[in-house]
Amino acid sequence: MSNLAEVAPALDEDKIVTFPGSPFQLYQPFPPAGDQPEAIRQLVEGIEDGLSFQTLLGVTGSGKTYTMANVIARMGRPAIVFAPNKTLAAQLYSEFREFFPRNAVEYFVSYYDYYQPEAYVPQRDLFIEKDSSINEHIEQMRLSATKSLLERRDTIIVATVSAIYGIGNPNEYHQMILTLRTGDKISQRDVIARLIAMQYTRNETDFQRGTFRVRGDTIDIFPAEHAEMAVRLEMFDDEVESLQFFDPLTGRVRQKIPRFTVYPSSHYVTPRETVLRAIEDIKAELRDRLEFFHKENRLVEVQRLEQRTRFDLEMLSELGFCKGIENYSRHLSGAKPGEPPPTLVDYLPSDALMFLDESHVLIGQLNGMYNGDRARKTTLVEYGFRLPSALDNRPLKFEEFERKMRQVMFVSATPAQFEKEHAGQVVEQVVRPTGLVDPIIIVRPATTQVDDLLSEINLRVEAGERVLVTTLTKRMAEQLTEFLSENGVKVRYLHSDIDTVERVEIIRDLRLGTFDVLVGINLLREGLDIPEVSLVAILDADKEGFLRAERSLIQTIGRAARNVNGTAILYADRITDSMRKAIDETERRRAKQMAFNEANGITPRGVIKRIKDIIDGVYDAGEVKAELLAAQERARYEDMSEKQVSKEIKRLEKLMMDHAKNLEFEKAAQVRDQLAKLKAQLFGASGEEAPMPPV
């Protein structure tokens, strides 16, 4: 991601910190401060004492990611950090790449730009074929993640719930690996056969990820998990004479290497003997199922199931894979009916650390994935579109995920019931490194809330500060926006129909001062930690419900916690239990923060946060000079949807390869730079690999 991999050697070496027995090199731009040193010490002690569950109760702006990075670096074990959505995952990935520029920080999220699962609607006799668009860049990052886990100890994976969906069996995936060393005895024919078994495609003209080409005694391989590096294998008399990394674009040799491990080009690759065994199992299941439908006199289902399954069996027999191969994953992995599928979690070493960021949201997500998937597949099986074994191609049930959990740290400002019941210890991170304290809370009557809010907004606008307002209904939000606008306030309304990229732009405009007030219904979502916001106004705070529950109120009040003058006004005619608990908790934290500041002579200072897209990635200093040109380019790309951006990436990749074929390497390099920026916008990463481990 970003330019950090390139910048790494220029980092201030004094700020690179290592710990005894740990392979991690932590870039510490500043030492831990506030509650961080104590939180790090307690979490590390908890892990060493063998605690299965711990909770890091970290308030907004207290540097929870930095604490996680310090714990990982001190323990020296591989780690996986779960985030509730792609946007937050990209943000975490960006931050971990900054803290660990010389270690393998990987990104494992769903690789679908668009996904329509196969489904059947019996009422209308309508079958919907599976339709999807796979994002090749994210697929490459997923393959890179599993490779790093199998090869290195200094690995951190940032993942979403995609990690609990089935992928290939790690043991069989490992069996398929091809390790090449200089001096190895192996024939060219055997190398080619192994590559084809790993689902690499031979392509002499269009050399891209997951392909290889043969020229005389030389085989060029473009590994599926690499974005910008290929391997040249030179052979002589059935012996590996030399191995080299080279640039697939320019053909320039980068370095000679003593060995290289080629990993399969898909997580679903399976050894030939396993496929043949699976085919027999599928045939046996098909016979049983057809017999069942015959007894029921359901001849349409008989014909449907037989036709579809026989076609898939033919493809498996000839090619080793078929469309929808994941529906036969139980037979391919040799699992028993009802057994959990292999997932990314199975690739983790037994001593890995797990962090569940925003755990109060994530636990609910992990709980809900199985049921939705099951309901859709049951209909497909019932009407003869799939064999019953397709039900075992599924995400993990929550209790299965729980059994596979390693030592876990829940990270949240407002832990939910599950964390409270399971935490071996709760580590508080309430004091911020900046000395900022939680907002002052004021309760005012709801009857005059709109007029009072207008006068409060005017005070903030005069001081050059921003305001967030949360309402209960869409209609109220629209009416309030209209009222404020008529009274000369620069206001925008943030609603659920706005997509992620546009949402980021709105937040950016608020920070830049294009407008002063943001009205929304749910202000709990990511990316709303804005230092310029000094007032959060909660309308109708006494109406009990999800958005006015204790946890939601604490989260919303915390949106003003990054400003020295942070204030939260709760408009209510009575104080509910949820309000009382939220106010008491905020006051408790505030008292603790103020006592710490007084004891240590700390003056609170506001957060200075550079204004950039939260999924921009990281810029190096040289990029600032080209800011104007980059801004023009970004403006064009920002108007595109995620699907359009994916098409633009494919167009640029083709253009880059065309330039390379015409030996116009300077032009090809320029297009590659453009591609890196575009990928940074879409994925929060430029697609560069983690630094190579020493060979």
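Each Cβ is built from the backbone N, Cα and C atoms, and glycine gets one as well.
As given in Swiss-Prot:
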DOMAIN    45-434  domain 'Helicase ATP-binding'
BINDING   GLY58, VAL59, THR60, GLY61, SER62, GLY63, LYS64, THR65  ATP binding site
MOTIF     111-134  motif 'Beta-hairpin'
DOMAIN    449-602  domain 'Helicase C-terminal'
DOMAIN    646-681  domain 'UVR'
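Annotation for THR65 (ATP binding site): same-chain Cβ neighbours under 8 Å, separated by at least 6 residues, are LEU92, GLU95, PHE96, PHE99. In sequence order, PRO32, GLY34, GLN36, GLN429, ARG432, PRO433 are the residues of the chain that are 6 or more apart from GLY63 (ATP binding site) and have a CB within less than 8 Å of its CB.
Taken together, the residues of the domain 'UVR' (646-681) have an average pLDDT of 77. Neighbour counts were taken as the number of other C-beta atoms within 10 angstroms of each residue's C-beta; across the binding-site residues THR60, SER62, the minimum falls on THR60.
Each residue in the domain 'UVR' (646-681) gets a DSSP state, and the totals come to 33 helix, 0 strand, 3 coil. THR65 (ATP binding site) carries a helical DSSP state (H, G or I). Apart from GLY58, VAL59, THR60, GLY61, SER62, GLY63, LYS64, THR65, the residues listed for ATP, the same chain places the Cβ atoms of THR67, ALA413, GLN429, ARG432 within 8 Å of the centroid of those Cβ atoms.
Sequence-distant neighbours of GLY58 (ATP binding site) (same chain, six or more apart, CB under 8 Å from its CB) are ALA39, LYS64, THR67, VAL411, SER412, ALA413, GLU428, GLN429, VAL430, listed in sequence order.
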